[in-house]
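Student: Supplied in structure tokens, the structure appears directly below.
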């Protein structure tokens, strides 16, 4: 076992604080509308340029192991805030730095670290309750666009695109961000349920101008097995032919004689049919077939539940207004499924999302919810260069997370104002003893730090503006973009309540642990010279040749 280096008390805390400050100072320059860029060196390709706090934090590893421990603990604050709300990472880092700095000063002055932590925790609980009182619901497109704009570093086009996407696919719908091919940002909306499976034969194509199959008011046959024998399909095909409607077959696979017969019937115009493979694999395929069944008010023909393909009737088939199939995708538009059944299926999948422990499974389940709930929107980010594209995509991702958080828990005044108002509201809070009162004051002082940093980054004097904001009431604050005072919500400067709350809670949690640290242990660096000397001693083995 390697020898360890151990530091105690103030020696440990000074090193840890140095690491905290290095990471926080690198991250906090990005805060606010006039935040600066940080350039990150990459092992290959062009350097990355970012204004995203968590991207900066993730890059930092320090040479001194004790300093690095401090930096990594603050990195955890940024990561946790990012995971919980998708934004607010820089705010969380600034809060954590302030609490740690002020808290360690109090420890050095002889305060009890445990009581300090209890005081900080009390202040945060009271502050979160006050934040909820200040919160305003965020449901209309204008406020959603404003939140998106602020989170994308005052880029109005991004805010408008996100609001438009939410209008089209609903608050629960899936919105994804991709790298586009042009210079402009674009929004691409797929209505209805789309899955990644195309036609099984190009002979099904009935719209040669765009190489697609379009079926109007079709029946939909869902089968949980391979179909290779046409005899199994005949009863369904005869029923559909009598009804004079087209048919879409979704099965594990359609092959051989069955596929050939379907193609011949389609080309002769006897029955208009198209066949596609079912989406997904294994259990996920079964689940997605059931989703399609609920959406189209049909049944999945599966021998597991005693339904045989030969005995299937028109009542077992689903229906939709329109289906469009191309080489790679199938889109079912306006399925005739009952609304209550669809809602029940969505809530069932939402329950699975809550219970899921795998990020991949959770993502796939969320995709299924979106497909049932209303559609998928894709924001395609445009930029002139690859470096700009990557930076912009990260900002759009942040903005999307922030708007989701705003819809979930509402919004508060932005620009650091909400935390200043919260600190003023809990000014009468008292702890069980004087050390706890100091902890409460440490937390309250930290709540001013984001406002001060935003002002500092904009090139103004933090103390002057912080005092002016504190003298005001309600949503009165400082707009760093226009350098004017006024009502922050009226000016469209909003922060999601969830983002502000998460930033404060995670910052206080990890900063509290750092204040109560008394000992730090790390591996001693290995002495490479000693290792080389030991290896050099093996040279004498060459003399063993004489043993022969």
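Residue numbers in this text run from 1 along the chain shown.
Using the three backbone atoms N, Cα and C, a Cβ is placed for every residue, glycine included.
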Student: Can you pick which of 159, 170, 415 Swiss-Prot lists for the same ATP site as 30, 31, 32, 33, 51, 87, 88, 89, 90, 91, 495?
Tutor: 415
Student: Fewest neighbouring Cβ atoms within 10 Å: which of the binding-site residues 30, 90?
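Tutor: Per-residue Cβ counts within 10 Å for the binding-site residues 30, 90 bottom out at 30.
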Student: Of all the binding-site residues here, 32, 88, 415, which one's CB has the most other CB atoms within 10 A?
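Tutor: When each Cβ's neighbours within 10 Å are tallied, 88 tops the list.
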Student: By a simple count, how many Cβ atoms lie within 10 Å of the Cβ of residue 51 (ATP binding site), its own Cβ left out?
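Tutor: The answer is 21.
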Student: Going by DSSP, is residue 90 (ATP binding site) sitting in a helix, a strand, or coil?
Tutor: helix
Student: Per DSSP, residue 32 (ATP binding site) is which: helix, strand or coil?
Tutor: coil
Student: Could you state, as a whole number of Å, the largest distance between Cα atoms of any two of 30, 31, 32, 33, 51, 87, 88, 89, 90, 91, 415, 495, the listed ATP binders?
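Tutor: Largest pairwise Cα separation, rounded: 17 Å.
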